[in-house]
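Colleague: Structure below; questions to follow.
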Amino acid sequence: MAKQVPERSKPAEGKSSSRKPAAADTPRRQKLWRDLALIAVAPLLLYLLASLFTYSAADPGWSQTGSVVAPVHNMGGRVGAWIADVLLQLFGYVAFLLPVVLGAVAWIALFGMDKEGQAEADLGPALRLVGMVGFLIASTGFLHLRLFNGDVAGAGGILGRLVSNSLSAGFGALGANLFVVVLLLVSITLATGLSWFVVMERIGKWVLALGPLLQRKSHQATEWQQTRVMREEREEVRKVDAVKQAKREPVKIEPPPAPVVEKSERAKRDTQIPMFQGVSTDGSDLPPLALLDDPKPQAKGYSEETLETLSRQIEFKLKDFRIEAQVVGAYPGPVITRFEIEPAPGVKVSQISSLDKDIARGLSVKSVRVVDVIPGKSVVGLEIPNVTREMIFLSELLRSKEYDKSASPLTLALGKDIAGRPTVADLARMPHLLVAGTTGSGKSVAVNAMVLSLLFKASHKELRMLMIDPKMLELSVYQGIPHLLAPVVTDMKEAANGLRWCVAEMERRYKLMSAVGVRNLAGFNKKVKDAEDAGQPMMDPLFKPNPELGEAPRPLETLPFIVIFIDEFADMMMIVGKKVEELIARLAQKARAAGIHLILATQRPSVDVITGLIKANIPTRVAFQVSSKIDSRTILDQSGAEALLGNGDMLYLPPGTALPDRVHGAFVSDEEVHRVVEHLKASGPVAYVDGVLDEVQTMGDGTVVGATGLPESSGGGGDESDPLYDEALRIVTETRRASISGVQRRLKIGYNRAARLIEAMEAAGVVSPPEHNGDRTVLAPPPPK
């Protein structure tokens, strides 16, 4: 009877389901084993690599013996020294590559190789092992054949010597080298699966990519060669030019200016010791020039040899840009030196002007200014700064004959021109002046120099000043001198009132001159003075005496000039508004004949500050250093101020011309200003004019000066007698808003009249005084319904 074989029971569903997670965990376990193997292999390879690189022949090893107690130099210790000695003796220099190869093989064996170039079929561990062994044999033999150094082991070690000797004996030197190279390539393929066709393909791609790069380099080399040829040609041209220059006449060099300006008669008188010491108490005496600092001796500018060298450099630099020109003259000055250039026929001035920065770079200077037109000459000017800049003192200018011979009490000492001659200007001929420049360009110092030049020229009987100083720093130092019409204005609301007073004074003077029959202030003063000298003083035609009060007719007196200084009118326009611009424009249009003149200064030369209305009425301008050509065109309607040197270097545009003059401003210290101010304070008390800063400026005929400078009706005095007062009162009490602009808009009246109505309500207790934010509270109850 056949034995019945028991039937295998099928696995239960629960068991089979329990095995599925184990199968799923197999890749995770394999990854874990690979990571552990890599962690174990990496330190061994590092140890082997360190032992090889720190090998020392003095250490005991396989090929030599040493003392047991002697120190071991190898980082791997005695074991490392033995291993390194064995590997180096067996494999030679290939031993250093052995850890890297073993590491790469371990990585491939553990993680696989999924990159391009991997053989599609799995070669198996046997072939990989064969490839590794073949690589060791081939590399040792190759090194022994190519790098034999005479040692016993040689570069390829004992193994390399055996392989190379065996192959050389059978195949000769050529056959041995070819056999070793082929074996090396095949073993690399077997060990790594690398495809040499892929390697050749990649090398081909690199070669193709290298083509455009080589083409670019070749193009650059060609350009360099052409540049070198052009440079050699220029050198040849320069040599020819040098021969021509040796035969040409030297540049005409004007002598430098004298360091000391010739003193005037007044300066000589001030140096004499007076017989009677004392100070005038009526302010009629002018301050002595001894209050100012004397100029100090300073270094000279360029020498004649340096000027000649600079002339040649300018010509060579222009020739680099294919511009033929010849320097025909050099004019050294205290701050800059002007070179006069005569361009060749057909050369445009714009070609030279566009090279100002390149010329400055070529001459190693800060900036170069190109003067397109020099009156009376057919040359172009190049203004180059001196290495050592001369400081110009205000005392030099005020002691000069040019300043002393000027009969006008409004003489301004601006500075020195490029030749070192004093530059003075008459404010009465300008008749107004606009000064603009960036911060630190010397604008404030120039304004102080202008003020002092007026104070040293005219007494307070001949000249009065109104100073507006929004910054409260520059002009406030003059507080208390007899020349001021009012205290130095720092509140911009009072500044607008002061300008309205000037408009009212201008209109009053015009009426006086019309009644007397003269055309300007000088004629008026001459006629009044002649009448006084004849013993028949002229009576004031505008004064209406009141017989009931016993008033007698008032005789006319000479009128002083009035100069209005505004240090930063950009801030004033921002605070007060556009109405100040209209007041300034009205004064600039009509105030010349009345003897009222404006000097405006700003550090923000933008079109919203220096507007077309101001520029049209103030043609005389001074531009200090600015940051761009746009700012220069805003001030002067032409470029050039951006190339100035700062510290008082300016372009002065005189009246009646479009060609600015370069002037170097005078320096005046704070100590000098304080000494002059203290002297003027001691010479006479202040004589402020009443009502200069009042908000309402009447013109004597029942009208007042409006916000724009035009006359407006007083509206019955601006109190409760105004016919619109009741209507304005109703509007304010109904709306509960005491706003000047609201009353002005609802009643369609002027700003000044609306302001007077609000002030009348304040006086009557209807509204409160303005609070810190300008708002008023309506105190009166609303009208009954």
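Glycine is no exception: its Cβ is also placed from the backbone N, Cα and C atoms.
From a predicted model like this one, the values you see are computed outputs, not experimental measurements.
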Colleague: If you check Swiss-Prot, which stretch out of 152-171, 472-491, 512-531, 552-571 is marked transmembrane segment?
Modeller: 152-171
Colleague: Within its own chain, what residues at least 6 apart in sequence put their Cβ under 8 Å from the Cβ of Ser444 (ATP binding site), listed in sequence order?
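Modeller: Residues satisfying the criterion: Glu474, Asp567, Ala601.
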Colleague: Below 8 Å between Cβ atoms, which of the listed ranges 36-56, 152-171, 179-199 makes the most pairs with the transmembrane segment (123-143)?
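Modeller: It is 179-199 that shares the most Cβ pairs under 8 Å with the transmembrane segment (123-143).
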Colleague: How about the transmembrane segment (152-171) and the transmembrane segment (179-199): do they have 3 or more C-beta pairs under 8 A, pairs 6 or more apart in sequence?
Modeller: yes
Colleague: Any idea which of the binding-site residues Gly440, Ser441, Gly442, Lys443, Val445 has the thinnest Cβ neighbourhood at 10 Å?
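Modeller: So among Gly440, Ser441, Gly442, Lys443, Val445, the binding-site residues given, the one with the fewest Cβ atoms within 10 Å is Gly440.
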Colleague: Can you list the residues of the same chain, besides Gly440, Ser441, Gly442, Lys443, Ser444, Val445, whose Cβ falls within 8 Å of the ATP site's Cβ centroid?
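Modeller: These residues sit around the ATP site: Gly437, Thr439, Ala446, Phe624, Gly646, Asn647, Gly648.
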Colleague: Averaged over the whole of the topological domain 'Cytoplasmic' (200-785), what is the pLDDT?
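Modeller: Reported value for the topological domain 'Cytoplasmic' (200-785) is a mean pLDDT of 84.
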